[in-house]
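> Starting off with a structure, shown below.
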């Protein structure tokens, strides 16, 4: 007989899938018989068509198998039994259970914390009415490169409000950190250092910071009025009503409290708790208040607008260049004013956003990976342990359990474990949260009952993890053939495919190796930062803020110099490398236009060079003066100006800061790093200017530090009894440049440890599984003369392969990721091969340690023990 | 009396199973009906009917031989049970009663009206 054609496969399978098993065979027979007959009589095409039609018409109740769940009654006793069995099993295998729960708890805990962190950041400043219409004015400064500034000239807001109707409300806010507030009178004065803000009344109509008491319409309208939060009110005045009370700001301006704000919520970047009326700002800084303050930008002053409904921000940006033309005619169109949506403020690092969105996504990815590895782990361990449940499955099947029933039984068991793990994870997360908050400088709370989103996430996570990790072991276990299971004939093969398990281990180890390699590279880069010479001396240097800019300060400097353990003292604007930057434009010699680059200005006295060990390459140090008379520049300035040698600039005139600083260049200093290694060395000049000194840089001898520090404080406080003393070491300030990196490293450290730990748990599971599976093989090998070492090699080979494959996958991925990360730094390390070698060494050691114990145990078993039972 | 309820198609299937006697399985029943009544029968409709009749206890089945033609699947033969026979008989009887109850006039009128 010629081989006759087969009916269409897809539909044939579909039929087999849906058909009630009682009817399946006979109907299938009918269909096939009919099909063959039709092929003979009407041809294959027609037969196929009719077969499909028959299959589709058979898809009807009565023929379709009933869903298995309905075949047994929903019996609560059965479920009770499931839970009881689950509980007994956990109790019986405590080590296995605790390893499992620990792995899952780690994954879930990390996921919870990461979720809270991410939602916390995504919620920033989203509680203001019509927040889609709120924008901040920002500036792009186009010179030879583009700089981004989160603010606009001080008078901009006022001009925009008067000139255009685009804005429903326009508000200026001037935020200043670490300001002195004095409360009380006479001998009962208490001093506080606070962040304060001058705010226009419109600020509180744009942003949703409600008043607890006081008249909302009149808030901050009068000069010398202030509003404070309830928290500050309590801190300053205790239980007395704060309304109408007065306090003194920076020892010179008095404010009367006209309102009390409700406490500021956590999810906002407006952290000031003391607001002064903007009409008072002229008493603080005349330039801030001036009506022609178009010359520069202070990052303190931010300008916000809520646009009229229907106004397009691009429309507004189109009219803004007019201001540059009108008020900044001489400055070559450097300023480009833009609108930045309020939702972007928190995330845009260019404009000083606190949290990069990409960091959040990286975190989310890591969280997901951790949960995923934890699930993989669970699968690994559960399937490895499946053999031990074979008898139970056999008995249950004999007593009439359906596959679906067994499947759900094991899924419920997984559910119980996941639930336990979640409880532990939540408590753990709750305990760790305060550390996390300090670490990220956040104020996140974990309250399941107030935060429905978190509750929902946790529920979803539990469900997902249960299904993800419970489904596969459930399928494996419910597949056991009862006869074989009861006879004890099940061997490892039935515990799920070994290759799947290998795959899982490879995935886990790829993840942990990626993290580990990344970690090593990051740590190398940080080491490079701290070991590379910045070009100036920064050890044993104490930075103390100045209290005044007058003769008193100079006297204090002399007093410091007279102290026995003080080597040198310099009055300066800031240390050579600092986050406090003052950049300005430069007019060189008799050139008619200002230079296209911006230059950094560092005010300092004649001791600056000696205090910081700065090296002169040409000329001399400037002579002592209280105002700008002579200039020093760095080598970078020479190149930027297009001069061929350092000597060439000596004696030529500089004019900077809009013409307020003028004088000849007397010396050139060797380039030093004036900011973190993330940025290039900028052109800069140094000149004497008493009014611009913000700090006393004190170089001390390292013996007897505490006495020296105490003496410094005593002298300072004697000079400025009305102010608060503070100091910091320059080394700490420099370390804080890399706070972001340091955070990232700590984070990756923690996560790679967790990933490794979870990976090792999985490995442990696999090796125990392997040991059980190979018991007999090892026994026979030993009888035939294998040594313990030879048997250990069997295990060693297996895991070396897995490790190597994971490494081969991880290496290129990390290379791509980390080259990308490193490219953000101007000064960076190369990714060397030895980093990979080191990583491979570390991970091999860890694997050896994890695998060693179990495989040794298997290798030294007396073959009599392993072979006597069959 | 709702005791023996048979749909029209069910009745046809019952009778065909009776006709085929010891050779009544899916394909043969289908062909027999198609041949005698000149109407096409889908496998789906037939199998549902057979299952329903078996569930009601009018038919019983046993598995028969397998052939290469059926790719090794057994035939499922149906025979009428005693209870099934009663049901068919009851149906026939009720029909007859209804027939005989129709007055002659009705027929005549109908013919005239055409």
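Positions of Cβ are set from backbone N, Cα and C atoms, glycine also.
Bear in mind that the values here come from a model prediction, so they are computed numbers and not experimental data.
So TrEMBL lists the following for this protein:
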TRANSMEM  A:95-118  transmembrane segment
DOMAIN    A:99-320  domain 'MacB-like periplasmic core'
TRANSMEM  A:360-379  transmembrane segment
DOMAIN    A:365-481  domain 'ABC3 transporter permease C-terminal'
TRANSMEM  A:406-433  transmembrane segment
TRANSMEM  A:453-477  transmembrane segment
TRANSMEM  A:503-523  transmembrane segment
DOMAIN    A:515-689  domain 'MacB-like periplasmic core'
TRANSMEM  A:747-772  transmembrane segment
DOMAIN    A:750-863  domain 'ABC3 transporter permease C-terminal'
TRANSMEM  A:799-818  transmembrane segment
TRANSMEM  A:833-853  transmembrane segment
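In terms of burial and nearby residues, how do these features look in this structure?
Sequence-distant neighbours of the transmembrane segment (A:95-118) (same chain, 6+ residues past either end, Cβ-Cβ under 8 Å): 89, 360, 363-364, 366-368, 370-375, 377-378, 381-382, 385, 417-418, 420-422, 424-426, 428-429, 432-433, 436, 440, 442, 444, 446, 454, 457-458, 461-462, 465, 469, 751, 754, 757-758, 761-762, 764-765.
Mean pLDDT for the domain 'ABC3 transporter permease C-terminal' (A:365-481) in the predicted structure: 85.
Away from its own ends, the transmembrane segment (A:406-433) comes close to residues 79, 82-83, 85-87, 89-90, 97, 100-109, 112-113, 116, 378, 382, 393, 396-397, 444-446, 448, 458, 461-462, 465-467, 469-471, 473-475, 477-478 of its chain (Cβ-Cβ under 8 Å, at least six residues beyond either end).
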> Mind checking which residues reach the transmembrane segment (A:747-772)? Cβ under 8 Å, same chain, six or more beyond either end.
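Tertiary neighbours of the transmembrane segment (A:747-772) are 99-100, 102-103, 106-107, 110, 363, 366, 369-370, 373-374, 376-377, 380-381, 383-384, 387, 492, 495, 501-502, 504-505, 508-509, 511-512, 515-516, 518-519, 522, 795, 798-799, 843, 846-847, 850-851, 854-855, 857-858.
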> Name the range, of those listed as A:453-477, A:799-818, A:833-853, that has the largest tally of Cβ pairs under 8 Å with the transmembrane segment (A:360-379).
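Ranked by Cβ pairs under 8 Å, first place goes to A:453-477.
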> Taking DSSP states H, G and I as helix and E and B as strand, how many residues of the domain 'ABC3 transporter permease C-terminal' (A:750-863) are helix, strand and coil?
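With helix first, then strand, then coil, the domain 'ABC3 transporter permease C-terminal' (A:750-863) has 97 helix, 0 strand, 17 coil.
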